[in-house]
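Peer 1: Can you read through this structure? Questions will come right after.
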Amino acid sequence: MKQSGQFITFEGIDGAGKSTHIAYVIELIKQHGIEVVSTREPGGTPLGERLRDLALNEKMHLETEALLMFAARRENLAQVIEPALQRGDWVISDRFTDSSFAYQGGGRNLSLEKLNTLEKWVHPDVQPDLTLLFDVPLEVARERLDATRVQDKFEQEKADFFAAARAEYLRRAAEFPHRFQVIDSTRPIPEIREFLHQLISGLITRTRAIANE
Ligand SMILES: Nc1ncnc2c1ncn2[C@@H]1O[C@H](COP(=O)(O)OP(=O)(O)O)[C@@H](O)[C@H]1O
Ligand SMILES: Cc1cn([C@H]2C[C@H](O)[C@@H](COP(=O)(O)OP(=O)(O)O)O2)c(=O)[nH]c1=O
């Protein structure tokens, strides 16, 4: 029997360190002979990338911002995520709906009820199988951001925005413990990599065992 595809999302406030580990996890899964599709949000499709450009660079009403995130997500689900999972491929996404809860919900205070409505509308039947939440104190994230790159609209936000976004991430991790894995991203990169190696290898073994039952 063909094993079922796993949907893995990477989450965290900007500068937490999630991009540092994505390529490693993709390679690790590929080494086991599994097809992996990687995507990102907002983005992942040609239209989604155009929506990303708007969402990350233009000032707009909070609800417009939330709707653009979910519009890009709808496209990414239809064109990339759902077809890949149906083929039995694994999908790795750099951010997904937990980002909307953290940033538009926590950071900007959009009601969780509205976000729940959008989530139920756009992906009633799809949830990540595993969400890796890279968690660091705000000061650490800020230091890492300042040291590295030109900052977009979100990355220029103030400390209380990121404090609220981080709190919402942790609230969701507590609400959905079956899929969230919180990673202390202040630990050295090789240590986190080793932890990811164990976690993903275990997941591959388990999905293969289920497929062979
Ligand atoms: N565990 C870590 N310890 C020290 N520096 C880190 C760690 N993880 C990431 N970094 C550094 O922090 C910066 C931001 O990391 P990045 O992965 O781009 O963050 P994100 O994708 O979460 O915004 C990069 O320069 C990266 O090398
Ligand atoms: C998916 C998503 C992202 N975002 C924000 C979080 C990030 O600041 C930004 C893009 O994320 P990201 O790809 O992590 O940025 P970078 O390429 O600079 O590492 O979009 C939301 O506000 N809501 C969402 O639903």
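Each residue, glycine too, has its Cβ placed from N, Cα and C.
Where the annotation comes from TrEMBL, it is an automatic prediction and has not been curated.
Feature list, courtesy of TrEMBL:
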- 10-194: domain 'Thymidylate kinase-like' (DOMAIN)
- Gly12, Ile13, Asp14, Gly15, Ala16, Gly17, Lys18, Ser19: ATP binding site (BINDING)
Peer 1: Within 8 Å of the centroid of the Cβ atoms of Gly12, Ile13, Asp14, Gly15, Ala16, Gly17, Lys18, Ser19, which other residues of that chain place their own Cβ, given that this set defines the recorded ATP site?
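Peer 2: Here the non-site neighbours turn out to be Phe134, Val136, Ala141, Arg144, Ser185.
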Peer 1: Please list the binding-site residues from Ile13, Asp14, Lys18 whose Cβ falls under 6 Å of any atom in ligand 2.
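Peer 2: Cβ under 6 Å from ligand 2: Asp14.
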Peer 1: Do any residues at least six apart in sequence from Ile13 (ATP binding site), in the same chain, have a Cβ closer than 8 Å to its Cβ, and if so which, in order?
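Peer 2: Set apart from Ile13 (ATP binding site) by at least 6 residues yet with Cβ under 8 Å, we have Ala102, Val136, Leu138, Ala141, Phe162, Ala165, Arg166, Tyr169.
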Peer 1: Would you please pick out, from the binding-site residues Gly15, Lys18, the one with the fewest other Cβ atoms within 10 Å of its Cβ?
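Peer 2: Looking at the binding-site residues Gly15, Lys18, the Cβ with the fewest others within 10 Å is that of Lys18.
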Peer 1: Among all protein chains shown, how many Cβ atoms are found within 10 Å of the Cβ of Gly12 (ATP binding site), not counting that one?
Peer 2: 25
